[in-house]
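Enquirer: The topological domain 'Periplasmic' annotation in Swiss-Prot covers 20-28, 78-81. The topological domain 'Cytoplasmic' annotation in Swiss-Prot covers 49-54, 101-104. Taken from Swiss-Prot, the feature transmembrane segment covers 2-19, 29-48, 55-77, 82-100, and the record attributes it to sequence analysis.
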Amino acid sequence: MSWFVLVIAGLFEVVWAVGLKYTHGFTRLIPSLITASAVALSMGLLAYAMKGLPIGTAYAVWTGIGAVGTAIFGIIVFGESASFARILSFALIIAGIIGLKLSS
């Protein structure tokens, strides 16, 4: 259950990270409220997941999901670079997440 909650927390991290772009420095109300809510949910779920997972593993997986998810969103939605080096780097992060899961 902790792993499932951690993945959901990571997905909410993607929501708030992407949401920051839409807040325009927190000058737009609705995107700002959505972003703030996503931050609260992400942190709350991360804290809950940490009750059943080692702190280092949980934090590394959470940031990995957020980083890769946000970068993939940027490639798909904002047309950011999808170079070989960038994709390889994402694959290494994902491999690290899988390694942490398998070693827990």
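In case you wondered, yes, glycine gets a Cβ from its N, Cα and C as well.
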Enquirer: Sort out the residues at least 6 away from either end of the topological domain 'Periplasmic' (78-81), same chain, that have Cβ-Cβ distances under 8 Å to it, and list them.
Expert: 71
Enquirer: In the topological domain 'Periplasmic' (20-28), how many residues does DSSP call helix, how many strand, and how many coil?
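Expert: For the topological domain 'Periplasmic' (20-28), the helix, strand and coil counts are 4 helix, 0 strand, 5 coil.
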Enquirer: Determine which recorded stretch among 2-19, 55-77, 82-100 has the most C-beta pairs below 8 angstroms with the transmembrane segment (29-48).
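Expert: So the stretch in question is 2-19.
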Enquirer: Could you please provide the mean pLDDT value for the topological domain 'Periplasmic' (78-81)?
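Expert: A mean pLDDT of 94 is what the predicted model shows over the topological domain 'Periplasmic' (78-81).
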Enquirer: Near the topological domain 'Periplasmic' (20-28), which same-chain residues lie under 8 Å Cβ to Cβ, leaving out any that are not at least 6 residues past its ends?
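Expert: Long-range Cβ neighbours of the topological domain 'Periplasmic' (20-28): 35.
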Enquirer: Determine which residues of the chain contact the topological domain 'Cytoplasmic' (49-54) at the Cβ level, with the cut-off under 8 Å and only residues 6 or more beyond its ends counted.
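Expert: Those are 1-3, 5-6, 9, 62, 104, in sequence order.
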Enquirer: How many helix, strand and coil residues does the topological domain 'Periplasmic' (78-81) contain under DSSP?
Expert: 1 helix, 0 strand, 3 coil
Enquirer: Quick test of the contact rule: Cβ under 8 Å, at least six residues beyond the ends. What residues does that give for the topological domain 'Cytoplasmic' (101-104)?
Expert: 3, 53-54, 57, 61
